[in-house]
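The block underneath contains the structure these notes are about, expressed in structure tokens.
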Amino acid sequence: MIANPATKYAPFAPIALADRQWPSRTITQAPIWLSTDLRDGNQALFEPMNAERKMSLFMELVRIGFKQIEVGFPAASQTDFDFVRRLIEEKRIPDDVTIMVMTQSREDLIARSVEAVQGAPRAIVHLYNATAPAWRRIVFGMSVPQVMDLIRHHVGYLKRLTDAQPATQWTLQYSPETFSATELDVSLQACHTAIETWGAGPGREVIINLPTTVENATANVFADQIEWMHRHLVPRQHIVLSVHPHNDRGTGVAAAEFAMMAGADRVEGCLFGNGERCGNVDIVTLALNLYTQGVHPQLDFSDITAVARVAEECTSIPVHPRHPYAGDLVFTAFSGSHQDAIKKGFAAQDPNGLWEVPYLPIDPADLGRTYDSVIRVNSQSGKGGIAFLLERERGVVMPRRMQVEFSAVVQRQTDASETEINGSEIWALFQQTYLRGTAGSSDAIRYHGHKLDESGQGIELDLSIAGQRQQVRGHGNGPIAATVDALGLPLRVDSYEERATGSGADAQALAIVEAALDGVAGAGFGVGMSHNIVTASIQAVISVANRLQARRQPSHSGAATAATADTTA
Ligand SMILES: CC(=O)SCCNC(=O)CCNC(=O)[C@H](O)C(C)(C)COP(=O)(O)OP(=O)(O)OC[C@H]1O[C@@H](n2cnc3c(N)ncnc32)[C@H](O)[C@@H]1OP(=O)(O)O
Ligand SMILES: CC(C)C(=O)C(=O)O
Ligand SMILES: [Mg+2]
């Protein structure tokens with residue numbers, strides 16, 4: 001980089017449009033979309049699409065709902081020419097879809113393009129020439145009047161050819177290539193030359209397509225340019241005003257949206273922003289931006305993943321994992337406060353109300369995405385995401401204070417491993433932490449079985465205490481109190497919750513006990529899980545007793561890691 005870029009790069013001059021209207025407008029309907037995936041997208045690939053890929057993408061574009069599709073540059077390659085012929089001869093173009101072909105302003109290329117679309121009921125011929133000062137001087141070596149002559153001559157030539165084939169309904173699309181870098185009066189003159197030569201009027205519309213061939217200014221400047229053209233183009237009512245943004249500054253979507261606010265009727269772009277250099281404007285993002293404002297885009301992205309896979313197969317360009325709406329990670333929250341808010345948002349969302357789940361600008365279900373990957377947990381995650389995964393995948397609903405306790409356990413694990421932890425791993429950690437007593441464990445107290453007396457107030461527990469199997473008895477107004485009594489520990493139970501997890505034959509009772517132990521700072525939680533409610537409660541008390549004792553005796557090797565066997569008496 002150089003010390004003073006001002007010696008090498010000039011800023012773009014603002015447009016003198018003091019009474020601009022577009023900033024206070026909103027977009028209330030979908031534009032006419034044109035997909036240029038098979039032309040601008042295709043010409044930007046390492047390996048342009050073969051006939052088979054072109055056909056597969058064409059069919060997908062039709063399925064999505066595009067009514068105008070630029071199918072190629074038939075004068076440039078035999079593949080494109082043959083593809084256009086195949087579309088027409090095999091009658092692949094639905095009645096409500098119009099194909100477009102592109103050509104330079106050269107007679108031989110125009111003639112070949114018209115030949116390519118012969119027999120189509122409708123066709124748009126897209127004629128272009130660059131108009132900006134650098135291109136006039138460097139590429140064409142033409143003055144402004146010579147550029148106008150070039151346009152007049154070639155639009156006239158196209159008109160004569162197409163007038164001779166009245167069976168096809170012909171539309172001219174004229175693009176002053178490099179429009180955004182062209183003086184506005186020159187662009188207007190170029191467009192008016194094309195419009196007048198074509199003879200635009202009632203029943204004979206012209207599409208005027210204004211590109212940021214290379215995006216060169218902030219999006220508001222493009223909007224000013226479009227509003228200026230929108231006001232000056234004549235006869236405006238017979239002109240479809242189209243825009244063709246590229247994304248060199250990363251603001252192609254903003255440029256297209258501002259342009260719609262400024263008067264554009266039509267937008268050209270590609271799926272997922274494929275196209276020359278940094279891409280054409282991304283039609284998926286534009287369409288779904290509209291959708292999230294309550295405006296139907298008239299394009300079907302209800303299975304966005306399938307669309308992405310077709311685009312990837314046809315272009316060999318992957319969709320970025322953070323691509324708006326479509327990327328693999330866009331419905332995934334890693335950070336704790338986001339996970340917490342999303343969890344609360346899903347719980348609070350009225351199925352028939354306005355969408356307001358925090359951090360999710362769109363309902364993933366509207367795009368055929370599921371909530372499965374919404375929450376992921378790593379060292380940046382908090383209790384919300386962990387609780388969400390345990391609840392969704394295991395039916396375990398933790399009380400809030402337990403969420404705080406268990407998230408610290410998960411945090412230690414993710415800090416140590418420096419990786420994400422998935423739902424199964426969280427469940428394994430939960431079992432290891434709370435559901436104690438599996439064979440081989442060296443927990444201080446292990447449960448083997450119990451007997452209740454007839455009143456239900458007395459209990460006999462079959463336990464291993466410090467490795468010694470023994471029977472202990474206790475009394476209380478229920479199994480929890482009786483178990484505490486039988487253990488003979490200074491244990492105070494602060495809360496108890498029980499709920500069913502699973503259903504039918506799989507249903508298990510999950511008991512959660514919060515308790516404190518004299519001499520141990522703070523309370524802790526214990527969990528029991530069993531088909532038998534009493535067993536689950538006893539296990540939960542033993543679980544919390546073991547966990548609290550382990551805190552008091554950190555040197556006791558097994559106390560913090562064991563689990564209980566589920567043998568009911
Ligand atoms: C911004 C865009 O995306 S525009 C579309 C760009 N897409 C493509 O170019 C893909 C297909 N193109 C091709 O296959 C070839 O360029 C062809 C077949 C069209 C033309 O090939 P060639 O005749 O070999 O010309 P070449 O590719 O070198 O193009 C440059 C020539 O075209 C002229 N030219 C460029 N654009 C235009 C235009 N729109 N109208 C008339 N002439 C043009 C240039 O001035 C230059 O002329 P010169 O040779 O007299 O100096
Ligand atoms: C509209 C055509 C000429 C184009 O692809 C561009 O200018 O980017
Ligand atoms: Mg382009």
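Here the Cβ of each residue, glycine as well, is placed from N, Cα and C on the backbone.
All TrEMBL annotations are machine predictions without curation.
Binding of Mg(2+) is attributed by TrEMBL to ASP40, HIS244, HIS246, and within the candidate set ASN4, ASN280, ASN289 the record adds ASN280 to that site. Of the chain residues outside the Mg(2+) site list ASP40, HIS244, HIS246, ASN280, THR36, PRO211, THR213, PRO245, GLY252, GLU268, GLY269, CYS270, GLY275, GLU276, GLY279, VAL281 have their Cβ within 8 Å of the site's Cβ mean position. Proximity to ligand 2 (Cβ under 6 Å from any of its atoms) holds for these binding-site residues out of ASP40, HIS244, ASN280: ASP40, HIS244.
There are 25 other Cβ atoms within 10 Å of the Cβ belonging to HIS246 (Mg(2+) binding site).
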